[in-house]
Structure formats: structure tokens, C-alpha cells
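What TrEMBL says about this protein:
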REGION    95-128  region 'Disordered'
DOMAIN    161-324  domain 'Yip1'
TRANSMEM  177-202  transmembrane segment
TRANSMEM  218-241  transmembrane segment
TRANSMEM  253-271  transmembrane segment
TRANSMEM  277-296  transmembrane segment
TRANSMEM  308-329  transmembrane segment
């Protein structure tokens, strides 16, 4: 019991010192700039457990919070597993980890520099973060599909607005493979089905007397093209950027390219219109949107002007995929 009291006292002291340190730094910067400082005190232990990280980043950006501060917080909170602390009869009990969120205060002990740590022993923390159980184990991939409807919708809408170029900051806390699997699969069946419908309309428009047959090979070609592109192209850019010395992440690249297909799914429904000029207009618009989404977000990993050829290659490949879909399935 005495040891428990000592640990709790150290916990509170570290927590208070950490907050005071941040407050002093913030006040000094505003004092140097001779600007007014308005402060709102928030219980971060509760806020980070109830509010999505993406909401926090978006709100901080829209309200004009300094990028240096939000970036520092992101760096501290990255790769952290959430631990919930409950108080019952003056005892603190760690509960099962849920989403990727921190527990305050930071660890100033022998593990300092590793960011915020979850409650429990070091062995328990390592065991909780190591979820890889082998290539053929389903449990190894469950964390990459742990997304809800609101999160997916937010990322889908982000893919339609490539100008922001902040997709990687939105998926830092929880990159997923939902887009890679389900959006790619949706694109395969959409271009196969609607491609046949489009050729049927064009056939009836040109020659209504002859018979028309459904082309089943569309499914095979679409599956090979879309799945092969979604898996191999991000993999190629990952190895290329790693070779260039950047800290690229394969999961984040797969997530990026997966959601980039969403605009192609939407445009495929419009390509059923049997007017060639409108089809090419829709294809160019969709290809430019999808390619810009990939290239502008990939710019995060390309800081040197010498590597801009990588962005051009990413843009060209995405545009080439869009043109291939138009030429093969909607000609």
C-alpha cells in the first residue's frame, strides 16, 4: 500500500510538471510576440478517450492553432495504444486497450523518449502492441479494419477533395485497409457490370437489329487490373521511397491508393451515358481528381525537388489506370 501511494504521488507530480512546462513555453512564445493568450483547460484523459483524433486535428487547424504545436502532439501520440483509467474506491485499474489514444502523463522513467505509455508493465505494453500472428492469421489484420461508418465517410469525402493534401494526417492514428479491399472490389464489379450495360446501349444505338452478348471476361480483366494495380503500385513506391531514405509506410500507401479509387467508382456510373464526348470529359475529370489526390498526398514524403519525378510518375500511373478503364470497358 505504501508503494502504491508513492507511485500515485509520482504520477501526479509528473502530470503537474508536464502541464506547467507546456504552459510556460506557450506563455513565453505569446509574450515574445506581444499577443493576447486565451487559454481553455481540458481534461485530456477524458477528451482523448471520447473525441476522435481526426476531429481534434481538424478543429485545431480551423481555429488557427500553431502547426508546430499540433505537429508535436501528433508525434507524441503516434503509435500509442489507449488505456482507460477508472477510479473506484481510491484505486486505479487499467482496462482493456481500445483505440490508439494516449494516457497522460508521459513516461519520464527509463523508457523516456518512447512517447506516452499505457498502464501496466513494459512486458504487457509490448504484448498489447504486437498483434502480428502470422501472414495466414486473420487476427493479424483485424486492427486494419477497425473503422466505423463516420470514419470511412470522412476519408471518402477527403478523396474527393485532393487540394487539401492532408490525408496522411487524417489516417495517422488509424490507417485501414478497408479502402484497399472493399473499394477495389466495388470498382471491379461496377466497371464490369456498367461496362457491359454501356456497350449494350452503344450497340443498340448503332445496330438495334443484331443480337448482343454479355462479356464475362470483363470481370477477369477488371479484377486483374484493379487488384494488381492496388497491390503492386503502392508497393513499388514504398520500396522506392525507402530506398531514397524516407520513412514511408506500406499500410498508409495501401490506404491512400485504396481510397483514391472512390472517385473512379462514382465516375463509372456516369460513363453509362452513350455520348462519347461526355464520357471522355468525365474520364478526364475523374482521372485528374484521383491522380491529384495521390500525388498531392504523396508529396509529404517527397521534400527534395530532385524527387518530384516520383510525384509525376504517381500522377501519370493513376491517370493511365483511368484511361485504361475508359478504353477497355466503355469504348
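Here, residue 1 is simply the first one shown, and the rest follow in order.
Cβ atoms here come from the backbone N, Cα and C positions, even for glycine.
Note: TrEMBL annotation is automatic and uncurated.
Long-range contacts of the transmembrane segment (177-202) within the same chain, counting only residues at least 6 positions beyond its ends with a Cβ under 8 Å from a Cβ of the stretch, are 141, 144-145, 147, 152, 155, 212, 214-215, 218-219, 222-223, 226-227, 230-231, 251, 254-255, 257-259, 261-262, 264-265, 268-269, 271-272, 274, 325, 328-331.
Residues 159-160, 162-163, 165, 167, 256-257, 259-261, 263-264, 266-267, 270-271, 311-312, 314-316, 318-319, 321-323, 325-326, 330 of the same chain lie 6+ residues outside the transmembrane segment (277-296) yet bring a C-beta within less than 8 angstroms of a C-beta in it. Panel annotation: around the transmembrane segment (253-271), residues 155-156, 158-160, 167-168, 171, 175-181, 183-184, 186-187, 190-191, 194-195, 198, 226, 229-231, 233-235, 237-238, 278-279, 282-283, 285-286, 289-290, 293-294, 297-298, 318, 321-322, 325-326, 330 of the same chain, lying at least six beyond its termini, place a Cβ under 8 Å from a Cβ of the stretch.
Averaged across the domain 'Yip1' (161-324), the predicted model reaches a pLDDT of 89.
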